[in-house]
């Protein structure tokens with residue numbers, strides 16, 4: 001009997017080239033005509049379809065956002081059904097998903113960093129939209145809306161993009177001093193996070209040109225070049241993102257590309273006639289009911305609020321910088337940007353402060 005059973009299993013394995021799903025659902029089954037063709041069988045007699053926007057949904061740090069998702073059947077079903085809805089956040093390479101929320105009817109549970117910030121909007125018929133409040137920098141990315149009806153399971157993807165800016169960052173001790181984990185930390189200290197490749201690519205398309213290699217969130221090391229030149233990959237290479245690929249996260253050291261979003265508050269400049277030391281600058285911001293601004297906050301104020309100041313000021317990391325939205329004489333290069341004086345050990349300057357609204 002065992003030999004006959006083994007022979008039967010081998011015969012089935014060798015004679016079938018059709019996909020077999022051993023999960024929530026089986027979308028296809030073999031027909032009985034023996035011609036190798038497949039037909040779709042929907043166990044409830046209707047096809048489940050899930051739809052989300054094809055264009056990205058934009059938000060900003062601290063804002064509220066709705067990721068639209070709707071489902072329907074073809075042909076339509078009038079009867080109410082017990083639907084399970086699951087939202088997940090995808091990695092750039094689609095290899096791993098982060099659970100965001102699971103719901104059955106009006107009962108739902110959010111997970112991890114989304115607990116207390118995520119819920120379903122089901123105002124419309126067969127709506128499964130995700131609402132996220134107090135949006136954070138790390139919320140940027142792709143989200144899967146999955147609808148499960150018995151044995152059927154369909155999904156679609158929404159792209160959430162934060163309005164933000166990518167900026168290169170070197171620590172006070174100089175170029176190429178950061179391993180991956182240190183790069184993560186210094187970006188967080190500057191009110192930012194490590195940028196993703198998509199964010200760096202967007203910044204490059206908007207004009208970012210930087211010849212120093214820096215860490216990205218996926219552990220790769222890359223840098224954006226608009227104007228090819230010999231020290232930056234050579235004159236023969238076309239403009240684009242140069243990549244060193246994945247590097248060892250502890251042993252290898254580079255700079256960092258940080259990503260900061262629009263601000264909930266404002267950045268303003270303070271000065272004294274004789275200037276201030278760094279400690280005096282911090283005290284001045286506190287007396288004004290604010291705190292000394294971080295690098296990411298200065299970049300965000302420059303890009304989104306048009307901050308333009310031709311006076312150098314201290315920042316929280318001990319650097320001295322100033323933002324120029326309208327280039328003019330005696331204010332640096334002819335392009336808009338945030339200028340840097342580095343990390344002076346001496347000197348007296350003004351200060352950029354940040355205050356939440």
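Cβ coordinates come from backbone N, Cα and C, glycine included.
Bear in mind that the values here come from a model prediction, so they are computed numbers and not experimental data.
According to TrEMBL, the features are:
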- 1-15: signal peptide (SIGNAL)
- 62-158: domain 'Ig-like' (DOMAIN)
- 165-260: domain 'Link' (DOMAIN)
- 211-232: disulfide bond (DISULFID)
- 266-355: domain 'Link' (DOMAIN)
- 310-331: disulfide bond (DISULFID)
Distance from residue 232 (disulfide bond) back to residue 310 (disulfide bond), taken between C-alpha atoms, in Å: 30
Inter-residue C-alpha distance, residue 211 (disulfide bond) and residue 331 (disulfide bond) (nearest angstrom): 23
Alpha-carbon spacing, residue 331 (disulfide bond) to residue 232 (disulfide bond), which is rounded to whole Å: 27
Structural state census, the domain 'Link' (266-355) (DSSP three-state): 20 helix, 26 strand, 44 coil
Three-state composition of the domain 'Ig-like' (62-158), taking helix and strand from DSSP: 6 helix, 52 strand, 39 coil
Neighbour count (Cβ, 10 Å) for residue 331 (disulfide bond): 15
Residue counts (helix, strand, coil, in that order) that DSSP gives for the domain 'Link' (165-260): 22 helix, 30 strand, 44 coil
Nonlocal residues around residue 232 (disulfide bond), in sequence order (Cβ under 8 Å, 6 or more apart): 211, 223, 225, 242
